[in-house]
Every structure is written in C-alpha cells, then in structure tokens.
Amino acid sequence: MAAAPSRLDSVITLAQHRGFVFPSGDIYGGTRSAWDYGPLGVELKENIKREWWNSFVRGRGDMVGLDSAIILPTAVWEASGHVKVFSDPLTESLITHKRYRADHLFEAYEAEHGHPPANGLDDIADPDHPEKVGQWTPIRPFSGLMKTYLGIVDDESGLHYMRPETAQGIFTDFASVLQTSRKKPPFGIGQIGKAFRNEITPGNFIFRTREFEQMEIEFFVEPGTDEEWFDTWIDLSWEWFTGLGIKPENIRRFEHPKDSLAHYSKRTIDIEYKFEFAGSEWGELMGVANRADFDLKTHIEHSGKDLSYFDQNKNERYVPFVIEPSFGLTRALMAFLVDAYDEEQAPNAKGGTDKRTVLHLDPRLAPVKVAVLPLSRNEALSPLARGLADRLRQRRAVDFDDSGAIGRRYRREDEIGTPLAVTVDFDSLEDDAVTVRDRDSMRQERIPLEGLDRYLAERLREV
C-alpha cells in the first residue's frame, strides 16, 4: 500500500490545483528555481505584505519606507563584501554529477545521526545512491551573486549584479532618508522587494528559489543599545507570526553559532518553521541580525561619504548600529498555508460524513474574503446575488459561484480559506436577509442585507 501523502505534499498539491502557485514556464517543462503566483497566490501574497507593512512600517512612528533599485552600482557590492565572500560551499557527486551545497549535506547527516560527520564528505552518502559513501569532489566556493550586463557590449565594464538582498539599497540611501524624513535613531527603514541568489540546489517547492521576495527592516540604533533592540525585534517578529495564526508549537528560535555567522553579523537568531522537509524538519522563515556598524562603516570607507549621526542632546557623533529583521515573503506564505491546512470529517446531506479540506487562514490573509452563493440560478435570485457581490467587492475580494450543489460550493470555498460564505435564497426575496456561513465552525446566521456590510467588516477584522 502506498504511503499517505505528507501534510506538506498535500499543501503543495492544493496550491497548484487551486491556483495559488504554478511552475514558471510550465508549458516548457517548468523550473525548480522559479514559481508563478496565480490568482489566489497573488492575493495571499499581497495580504501578507499589507499586514507586514501596516504592522512594522506604517503602524510605527519610528519607521519609514523605501523602494530601492534591484540593480545597484557594482561598487556597492564590492564595498559590502558580497563580491568577495558571498559564496556557498559546492561539491559534486562523482556518481551522478549532481551538485550540492556541502553544508546542506552536513545538516541532513546531523539531523539523521544526531552528530556532525566526523570525516566530512567521506561520511556522506550520495542522496540518490545511499550505498555509495564518500564519492564527492573537493569543496570549493560558489558565488551566490547573479550577474547581468548593462550597455551594448557584454564586457567587464558593464558587469552588474542582481541584488542578493534588499538591505544595501537602504544603507546607501541612509543619509538621504535621515535628512528628508527628519528621523533620528532609534528609527528604521522598511522595504519589500525581489532579490536574487544563484542557489546551487533550489527546491522544497517555493522555499528555496533563485528569485524571491524579502520584507526587510534596517533599524538604526545608538551603539550600546543594540542588544536590547535585538531582543525587541525578535519578540516583535515572533508575535507577528503567531498573531496571524501560526501555532507557537510549529515555530522555534535558532541562534547561529559564532563560527557560522555571516561576514557582517555580530549575532543572528532565526525564527524557523516546522515544515517537515525530507531530511530537514525545520526551515528558516526569517532572521534577526545584529549587523553592528559594519555596513555603514564600510560604505563610509569606500564612498567617502559621511553616514554618521550627530546627537545634539549628547553633543556627540556616532555611526549607528543596525538591527536587521529580514523576512522571506514567499517562505512566510508557504508557512501560513501549511499551518492553516486541515482535513476533517464533516456531515453531508445524506446523513453521513465526507472529508473536508479547509484552510484556516486568518481572515486578514485569506485571498478571498467572502463568497456569494445564490441557492440556484433562478432568474429572480441571480440578479440579487450578482448585485450583492458587486457591492461587497468594492471593499474586499469576493468570489461569486452559482455552479453545482450548495454543499459542493461550500467545500470549494473552504479549501481556499474563504472565511465567510453568503447564501442568497428564496427567502431573501421576501425578508431582505441572507444566510452567512462561517468557514471554521460551519455555523450559519441570518443577517439583514441592510447591516451585512458592517457585519462582514467586523467578522473580517476590517475595522
């Protein structure tokens, strides 16, 4: 008997079947390194971005926003250290000639055996041929930067890099933002945008791709207050995920050992989600790094520009330390889907039960907020239902569905996470009211049309 699909596999199947995510270039075979977000996926992604922006940028008096360029001057990446040290340890299987990140092979070994490989690659089996052990090329560095060329000739004079993080645009604009926004430390700059990394082994659905989106903050503080702010941003980040429905038992904090910190980091703690990948149970959702004064100082040195701050109250000048909460947008999307996914038995019209697939998404994240479902395609019901859907659509995403049995339509809405379904029936023609069904409890309530919009706004946390 075939093994039942894992929860993660079920979510991936649902995501592709219902239009959350499609393989990019699917008609040409697709690629593991990039995915397209379909009608439901783009709505979910936009809702996550909106909640993040409202929580961390627009909703705080000590934050401002920025949208910096994807292609920055090459000098930026030379100064930041990325050209020199932004690389991964690459090894190649002598059996299959597939390439792997050596650190990922070591992590998988440790997860299985409870300790790191004593002899390095000599202890590692080929993933496709477990009986073959130690058949690897020597480890060598592999640049994670994606190159492109600007101008009419593809030579070194036109060499540029696609940004591997959004942070550097914030650092290079620091002085301009400081002057024009009239902010002073402690304050932060938030940004949402695409980044690109030449991953050796993209995979695990949308978790590790070469093109992805980040939601990043660079928070500038007075030296000596950085550890306190570091702890604050860890707590705020944790609360953001749990406040939007992530179960606390499915996330954890992971502190990077000193010897594995990034070249810019004084301290880093990741928040990881229990995706239960094959060979690696946990995956990074976001990280908070104490970048100290590394970035501003290195750009001062290489650009010759003053990126310090003068504190008039203390009559002293200093280079701010930076606390960086960096969220992976598409990883967050994947975690919200996995955490919300559920299969349960629900009563059917015949007195028995059927399997119900449901996404218990927070209403603020749900790609469709309300479904309008006329009981039938009756010529009297349809105009009322369509008019209601058009009116509700002015404030929120609405799905109109008049195809099939009402129970089947409820199930279709449940599996994409629609919080509320509004049924227009023949009584609606007489009493000017509709039946509102709750996704999670399946309870139904009769609501007058006159107060429906206010009722929905309260239930959907729009007010």
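Cβ atoms are placed via backbone N, Cα and C, with glycine included.
Substrate binding, as stated in Swiss-Prot, involves ARG101, PHE212, GLU213, GLN214, MET215, GLU216, GLU324, PRO325, SER326, PHE327, GLY328; the candidate among GLU51, GLU165, GLU276 given for that site is GLU165. Within the same chain, residues at least six positions away from LEU329 (ATP binding site) with a Cβ under 8 Å of its Cβ are LYS45, ILE48, LYS49, TRP52, ILE192, PHE212, GLU213, GLN214, MET215. In the three-state DSSP scheme, PHE212 (substrate binding site) falls into the strand class. Counting other Cβ atoms within 10 Å of each Cβ, the binding-site residues PHE212, PHE327 show the lowest value at PHE212.
Calculated from their C-alpha atoms, the gap between PRO325 (substrate binding site) and ARG208 (ATP binding site) amounts to 19 Å. In this structure the alpha carbons, written CA, of GLU199 (ATP binding site) and GLU216 (substrate binding site) are 20 Å apart. PHE327 (substrate binding site) is 6 Å away from LEU285 (ATP binding site) when you measure Cα to Cα. Straight-line distance linking the Cα atoms of PHE327 (substrate binding site) and ARG208 (ATP binding site), rounded to a whole number, equals 13 Å.
The Cβ of ARG208 (ATP binding site) has GLU199, THR201, PRO202 as same-chain neighbours under 8 Å, each 6 or more residues away in sequence.
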